[in-house]
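Copied from TrEMBL, the annotated features are:
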- 297-353: domain 'MIR' (DOMAIN)
- 361-417: domain 'MIR' (DOMAIN)
- 422-478: domain 'MIR' (DOMAIN)
- 104-121: transmembrane segment (TRANSMEM)
- 208-228: transmembrane segment (TRANSMEM)
- 248-268: transmembrane segment (TRANSMEM)
- 488-507: transmembrane segment (TRANSMEM)
- 550-571: transmembrane segment (TRANSMEM)
- 614-632: transmembrane segment (TRANSMEM)
- 638-659: transmembrane segment (TRANSMEM)
- 671-691: transmembrane segment (TRANSMEM)
């Protein structure tokens, strides 16, 4: 009660100070974030992708991307609401906008990036009850030129970081209300559902949003465990808390996630360049696709001109062209590949294996021996004992012969997957294998990319393992004037089928992302030390994504300090527990009346405990958003570290508050002022990286940035 009486008179002053600082930081955020937001007036870095995708949403054109749809839908919506008509091509970085209304999309992304600062301030304040800790954390984010650069362009990153920070903010607010006994109030329910909403939005922007779902899940389990261990509360209280959180943090986000995908699939209802990544049935729902409202023969008969699609997720069309395999890649015969885009080189004529197509209609049946003649080049689909160019365990597949004439190595047997005897092959819905008659191997899409001589298309090979699921194919287009056509609308899939297929294609696309020739990538070990950045704009107006080195390197110092302090506390606690155990034994043996507690808590003990506890959760956040990248086989970039950077910066504020509390008051104030001064000065020094540089590069002595090139790996 004495502590409470001591605090109560200054509560209003504390709150006034808190909100004064909060609004000062908000104003500073607005000034730094919106400055030069429309410069440069040309396409920068990945604006070429996400600006283009925003255009496709406005035009309702279907496309394929490895990320979930929400961020791109919001970019498209912001452009539409601010007058952008979706016609700018976004072909390559450096293209001038030339009067295009791109500003609205940049302002939208910048606004979400700017909102990170006030949310971070309130999050740290709620967890540490220290205005100084909140200020340090927020200024670490505010004055980082890397975060500033990432937040000023038409990208998914500011959207992702906003939703991620909002998730942690909501988690903190609901946790604070729970700890003060305000569970089940309107505010508690609001923040709980706010957290669930932000989790759904984060995950539906990028799949790395699952990392924050993991963090909130761990925090929720911890809270439920604390409630369960409180013997003053009934068991049903734990059940109620668990039920409420399952509703708000599991069921509600899943429903929202499904809703976002439903909107995505309804809006993108017109055929585009991403159709080929999806199954024939999926494509039949897209207006303008050859399968939409299509009429074609249901059965496949000899003499039909067909396109044959690999049935695996993201599988392409069986494709050939006049180019030959190069020397050293098997027989120098015509290349056969899979290609994910629709093309005349995807068309094949189905023929009997031993005669020409007759006038009489004859359906292609399970077990039939056939030849496939490439329509454009008049060569037959062929395999032999030569090894495949990339997958050496398989045999090579080529185009062979002249004017449809070849040899016995052109013969393939059709095996329907369901093995129905006397069943005919049907367009779109029948899955089958093509088994080579001589080699007894199955035509397969190996999933390996061919080198440049194969135009980086996918390898087609013949696999002796007939159980390979990548060897399943289906007929997509089926043209035969002899047969009556039927409408294929009845085979269009429902929402849940398209939802599941969309995810399978995205997961496969993510796993298959590999660097292009000459493309600059980075490794996870390089990120925390700010080893190398990347150019956003490489013209005479240069923008370079690089973290403020003062902030990034001092972040690592506070991270190490947290690990050191935590280790010391764990060791002391272990020794204290051992001492208590020995004293307990001594009491029992010697019947001593009592013993004094080993340590006492000072007046600031609660605040120090809060700061260290907050730092622990921020450290877990940093781990969950950084360590998984070490296990990823896909291509990685420097900007993937920025979610982890936010947690590291929040940890820095909490650890500063913990460590500085052991200093005299005058020294705390001097240190606080010194840190703010250094952060401000470092931002002024490195701000040209974000706001634009011109003139010579930093490696030239006459460059204005020459003195700031502290590492040889920095390329600005």
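Every residue, even glycine, has its Cβ placed from backbone N, Cα and C.
Because TrEMBL annotations are produced automatically, they should be read as predictions rather than curated entries.
Summed and averaged per residue, pLDDT over the domain 'MIR' (361-417) gives 92.
Sequence-distant residue pairs (6 or more apart) of the transmembrane segment (614-632) and the transmembrane segment (248-268) include fewer than 3 whose Cβ atoms are under 8 Å, leaving the two stretches without contact. Outside the transmembrane segment (208-228) by six or more residues, the chain places 160, 163-164, 167-168, 171, 175, 178, 195, 199, 201-202, 235, 237-238, 241-242, 245, 249, 253, 617, 620-621, 624-625, 628, 640, 643 with a CB less than 8 A from a CB of the stretch. Highest Cβ contact count with the transmembrane segment (550-571) among the listed stretches 248-268, 488-507, 638-659, 671-691 falls to 638-659 (criterion: pairs under 8 Å). Counting same-chain residues at least six beyond the ends of the transmembrane segment (638-659), those with a Cβ under 8 angstroms from any Cβ of the stretch are 116, 120, 123-124, 127-128, 130, 132-138, 140-141, 144, 146-147, 150, 157, 160-161, 164-165, 208, 211-212, 522, 524, 526-528, 532-534, 545, 547, 551-552, 554-556, 558-559, 561-562, 565, 607-608, 611-612, 614-615, 618-619, 621-622, 625-626, 629, 675.
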